[in-house]
Amino acid sequence: MIVICDHDNLDAWLALRTALWPSGSPEDHRAEMREILASPHHTAFMARGLDGAFVAFAEVALRYDYVNGCESSPVAFLEGIYTAERARRQGWAARLIAQVQEWAKQQGCSELASDTDIANLDSQRLHAALGFAETERVVFYRKTLG
């Protein structure tokens, strides 16, 4: 079953977020989660397995700036998607993406975008399996001033 993330399931959401983004502190994750819950331009969904435990999540945001490879605005942007290892290959990501797409359409979007690190081949395979088409490969640069 797919449910929207809310104040009643924060602990499970935090656990899944921490598994996907382990470098973030619990305090940082909680602050971002509060921002998502307070924003009309963001939402998050979780998947609950047959045993009642939450096993996967997806976060999505509306982006009004340019999104690489997209032709419309706003664009629904998949900020993160994760399935616990014990629940992989059971279709949870596909069910989450279906819910994300429905939300995006309700927000007036005609495109769903995402990104991943160029070295993250597992994520690239997942995106392809979920129906995403690669649009660009970009290298970012930085120069410190001072």
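Yeah, the Cβs are placed from backbone N, Cα and C, and that goes for glycine too.
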Determine which of Glu27, Glu79, Glu102 appears in Swiss-Prot for the same substrate site as Trp21, Tyr66, Asp115, Glu136. Glu79
According to DSSP, how is the domain 'N-acetyltransferase' (1-146) divided among helix, strand and coil residues? 54 helix, 32 strand, 60 coil
